[in-house]
C-alpha cells in the first residue's frame, strides 16, 4: 500500500491567508482526485504536534542508550516520541513538505523534524568510505515553498536559498533522489494572483506525476 506523508512546517498551521497553505490545499485536492483508494495520506503539523529538539535531555538519553543505561521517565518519553516520528516517516514512500521561507531558510520546527528522522542505522549508515542513505527504494519528495522574494533569477537570492539547498542535499543523502520543489515566489513584488495561479499549475502537474498519471495538453 502506498502512503503519502504531509509535513506541514507552517507556524500558522491552517492559516487561510498563507500562500504556501493555499498552494498545498490546491495540491491536495488535485492529488486526492488522482490517487487510488488504496493510497493512505497522513499529516504531521510540526507547530501543533510534539517534535522534540536536540537538547540536553535528548543528548543524555542517546548517551545512556549507547552505554546500555536506564533512562529517566522524561528521557524515555522523549525518545519514544522521536521513534514514533521516525517510524511514521519511514513508513511512507511519498512526502510533501509545506513551508514558508523565513530569512532564506527552513522554519525551526522543520529543522527539529529533520533531526528526528536523520538517524544512523535507520535512514543512513556509516561506512569506511563515507555515509550511505538507506532509503533508496524509489521514494519521492515534493517541497511546496512560498516566499516574498524570487530565487530563480541566478542572482544573489539564488545563492542564499538555503532552504532548498539544505532539504535537497539532506534527502539525497538519505537516498531520496526524486526531489521536486514548487515555489510560490515573489509575493512581495509580483501580483499575488499571478503567483498563486502559476504555483497552482505547477502543483497540479506535480500531483499528476506523483499519482503516476500525466496531463496531456490538447494544444501541443
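Glycine is no exception: its Cβ is also placed from the backbone N, Cα and C atoms.
Since the structure is predicted, the reported quantities are computational estimates derived from the model, not experimental observations.
Taken verbatim from Swiss-Prot:
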- 18, 19, 20: FMN binding site (BINDING)
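The residues near the FMN site, meaning same-chain residues not in 18, 19, 20 whose C-beta sits within 8 angstroms of the mean position of the site's C-beta atoms, are 10, 15, 17, 21, 22, 23, 24, 98, 100, 146, 184, in sequence order. Ranking the binding-site residues 18, 20 by the number of CB atoms within 10 A of their own CB puts 20 at the top. The C-beta environment of residue 19 (FMN binding site), restricted to residues of the same chain at least 6 apart in sequence and closer than 8 Å, consists of 100, 146, 184, 187, 192, 195, 196, 199. Look at residue 18 (FMN binding site): DSSP puts it in coil.
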